[in-house]
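**Student:** Got a structure for you, questions after.
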Amino acid sequence: MGSCQSNENSEGNARNKEIEKQLNADKRAGSSIVKLLLLGAGECGKSTVLKQMQILHSNGFTEEEVNEKRAIVYNNTVSAMCTILRAMDGVLHLPLENGQKEAEKAIVMKVQENGEEGEALTEEVSKAIQSLWADPGVKKAFEMRSEYQLPDSAKYFLDNCQRISEPGYRPNDQDILYSRVATTGVVEVKFKIKELDFRVFDVGGQRSERRKWIHCFDNVESIIFITAISEYDQVLFEDETTNRMIESMQLFNSICNSTWFLSTAMILFMNKKDLFMEKIQRVNITTAFPDYEGGQNYEEAVSFIKQKFAELNLNPDKKTIYMHETCATDTNQVQLVISSVIDTIIQKNLQKAGMM
């Protein structure tokens, strides 16, 4: 595992240097290059949006990428169950309702302890995960997931465990969209639309990653800032004293009003609307916004959050914030939103070139 991590870091560093070199070259290139920067706090859905752009505009995933994602899917499936089981033993103090499933728990936990969670799921491991996922105690722990760090994709992978463990399994686009590995450094997707070369960059969302890269992108055309509106009752992975929504707003404030991006268009994706729609019925947004006095319904709550973000813009006369409610794993919905964003950017480029 240590060697694997070292290789990943080495490859990431090489990729980052290459991208930085290309960014400098782009500054000397013509105006046909349009650079978009994806920003947001960790786990907001940036990488999923980038993967959607790859599906929609860049010929999807290569066979090599699909093979890489297979190991990530296996990892995400095992890790999801192990995270729930550890939370049951720890912060939740919840037992398995069926005590006879302790043996199955040991089988799954051993996979992670041995560092084998990225390997194909054996029939024994798959059946153990499916059996545990059906346990009422595990279901209760899942419902209490805001009290510990559980990725949003956990339910998807646990629901699909049987299919994922079949011999010859090949991840489909939806599996890849839900797959999750923390972004380090910068990841890039390129595509061409109407004679414009788009280059989209996803910068790591954890605090340490953001600090490393922000200065490299002072000449981007637009920033797509992504906030996970469903995370108003959750805390950061890297700082469990900070509310995720508040962190996201603080980051948006610093980017929107940064001297690096005074003339850069701001596009706000209010992501994970599907999870927000379900959660708002159970948990009021007063968790993050004590001054909220509206109803516990989607329309009022989203409108309030939009207003909160709009108020962070210190130059509303000069800078417009384009807001979209999104579900990054819904390809059809994301296609409509991204098409709208790209059309807006193309119009601005034509205006800049004096062609409108």
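From the backbone N, Cα and C atoms, a Cβ is placed for every residue, glycine too.
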**Student:** In Swiss-Prot, which of 56-61, 158-163, 326-331 is tagged region 'G5 motif'?
**Tutor:** 326-331
**Student:** Match it up for me: which of 67-74, 91-98, 267-274 does Swiss-Prot list as region 'G4 motif'?
**Tutor:** 267-274
**Student:** Around the C-beta of LEU177 (GTP binding site), how many further C-beta atoms are within 10 angstroms, looking at every protein chain?
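**Tutor:** Cβ-Cβ neighbours of LEU177 (GTP binding site) within 10 Å number 24.
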**Student:** Is the region 'G5 motif' (326-331) packed against any residues at least 6 beyond its ends, judged by a Cβ distance under 8 Å, and which are they?
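**Tutor:** Contacts of the region 'G5 motif' (326-331) (Cβ under 8 Å, skipping residues fewer than 6 from its ends): 45, 48-49, 52, 55-56, 173-174, 177-178, 226, 269-274, 337.
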**Student:** Write out how many residues of the region 'G2 motif' (175-183) are helix, how many strand and how many coil, based on DSSP.
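**Tutor:** When I sort the residues of the region 'G2 motif' (175-183) into the three classes, I find 4 helix, 0 strand, 5 coil.
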**Student:** Counting by DSSP secondary structure, give me helix, strand and coil numbers for the region 'G5 motif' (326-331).
**Tutor:** 1 helix, 0 strand, 5 coil
**Student:** If you count other Cβ atoms within 10 Å of each one's Cβ, which of the binding-site residues SER47, THR183, ASN271 has the most?
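**Tutor:** Max Cβ neighbours within 10 Å, all protein chains included: ASN271.
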**Student:** Rounded to the nearest Å, what's the C-alpha distance separating SER47 (Mg(2+) binding site) and LEU177 (GTP binding site)? Just drop the number here, would you?
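**Tutor:** That comes out at 8 Å between the alpha carbons.
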